[in-house]
């Protein structure tokens with residue numbers, strides 16, 4: 001590696017943790033907070049939308065979304081996310097991380113607001129416009145995945161890089177928690193203002209007309225945190241690794257990092273631009289890329305794909321799982337807003353005790369025990385807990401015919417506490433496991449000029465798995481059939497076990513520089529030699545933590 005380039009990267013890798021690192025975590029993390037909120041808040045409102053727009057008097061039961069409509073509402077954003085991950089991942093390598101970062105945020109803010117304003121005089125038009133805007137919301141969210149991960153990895157120091165990237169991703173858990181909390185608060189406020197009797201007593205009047213505002217407010221709230229961070233995203237400089245390795249401007253990279261790290265890094269003006277020898281680097285669609293990184297990309301993409309089949313199925317089917325776990329009474333015993341309130345409260349509880357802690361266990365331990373062990377252990381524990389849930393599903397959940405005529409529960413005679421514990425542990429080890437590490441590792445393994453693209457491909461593979469969860473696996477949970485759900489959970493257990501074995505394709509990245517992992521330390525040295533460049537670098541003393 002040339003001396004000038006080495007100075008910039010050495011300053012980044014060896015910098016002490018300081019204020020700017022935490023500012024970067026907050027700026028990138030708030031985007032991810034918004035991503036999670038927007039993707040998962042839909043779980044809290046789908047039952048309410050069903051009551052509002054799909055009530056059929058002939059059925060004598062609360063309105064419920066048809067299976068295809070439910071799958072479309074929950075899955076369309078995932079389709080948009082997949083497209084956004086591929087497109088913005090590629091664009092982030094072509095135009096730079098910073099230029100694209102603002103575009104994704106504006107897209108998320110605009111489409112979150114538009115989702116809540118979904119228009120129409122019929123259920124078909126409302127759902128159609130909702131799905132349209134949620135697709136483009138997902139498109140913006142998709143761009144945030146590769147860009148947030150890559151920006152944080154390229155800003156971070158070598159020692160705590162994993163924890164910094166994991167901290168950004170941990171905001172997904174906080175976003176899920178807030179999705180439940182906001183839904184709880186809004187539904188409770190409207191329930192207090194517009195009380196009604198349960199469906200079993202007043203039928204259609206149990207669905208308050210004012211409830212139509214509730215789901216819209218919940219969806220639109222996702223625009224608030226994203227909008228608050230727009231100014232700070234635009235103030236972030238381009239990452240030094242992109243500026244130096246892709247644009248070839250070492251002087252600008254040194255100046256940008258000197259400002260944020262409070263460290264003097266000077267390079268000869270004559271050597272500030274390093275033209276790249278076209279014969280000394282390889283393209284994305286080249287045999288050399290496949291030879292050097294093909295197996296790694298297969299490993300990161302396949303493990304994320306397998307993980308998201310299970311993870312998104314668990315998240316998107318919470319509304320169906322909570323009655324089985326005894327956390328939610330039968331729909332006919334509640335009015336519309338009451339049902340949403342209790343569903344959101346259960347969602348918040350699971351997020352608080354099982355989902356959020358898993359993320360932060362990863363933050364504190366990922367640079368101590370490594371990504372590989374966390375991912376391997378997470379897949380294994382998820383497989384074990386889901387196997388127990390699957391094989392013992394009927395006993396743990398109970399059955400409908402065991403309930404008396406006046407029972408408020410959908411299922412009786414089961415073991416709801418054990419069901420909830422196993423369900424919560426599955427979430428915990430997903431997040432203290434592959435859900436976090438599959439996000440971290442693709443941001444570390446690949447060369448700077450392909451890093452965003454490869455992360456986008458890996459993340460898009462994950463969303464392909466999530467789409468399978470939304471449109472295929474979720475089909476088996478809709479009617480509450482014990483055998484169908486049992487088969488689905490056992491199938492997900494097998495999927496996690498396959499993920500366990502595919503993890504062996506992914507190398508450990510703990511304690512190594514990005515250039516060492518990607519092979520760029522050798523490539524840059526060859527480039528410098530081929531271009532006949534000599535660099536002079538004066539590096540000032542380390543700055544203290546601020």
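Quick reminder: no glycine exception, Cβ is built from N, Cα and C everywhere.
Caution: TrEMBL annotation is automatic and unverified by curators.
Small disclaimer: the values here were computed from a predicted structure and weren't measured.
The feature transmembrane segment, as given by TrEMBL for the ranges 126-151, 256-281, sits at 126-151. Of the given residue ranges 450-468, 469-487, 488-506, TrEMBL assigns the label transmembrane segment to 488-506. For the ranges 24-49, 284-309, the feature annotated in TrEMBL as transmembrane segment maps to 24-49. Checked against TrEMBL, the range among 346-366, 514-534 recorded as transmembrane segment is 346-366. Taking every recorded stretch in 100-120, 126-151, 213-232, 346-366 and counting its Cβ pairs under 8 Å to the transmembrane segment (24-49), the highest total belongs to 213-232. Contact between the transmembrane segment (488-506) and the transmembrane segment (372-391) is supported: at least 3 Cβ pairs lie under 8 Å, counting only residues 6 or more apart in sequence.
Nonlocal intrachain contacts for the transmembrane segment (213-232), taken as residues 6+ away from its ends with a CB within less than 8 angstroms of a stretch CB, comprise 23, 26-27, 30-31, 33-34, 37-38, 41-42, 44-45, 48-49, 52, 102, 105-106, 108-110, 112-113, 115-118, 179, 182-183, 186-187, 190, 337, 340. The stretch from 69-88, 126-151, 372-391, 411-430 with the most CB pairs below 8 A to the transmembrane segment (346-366) is 411-430.
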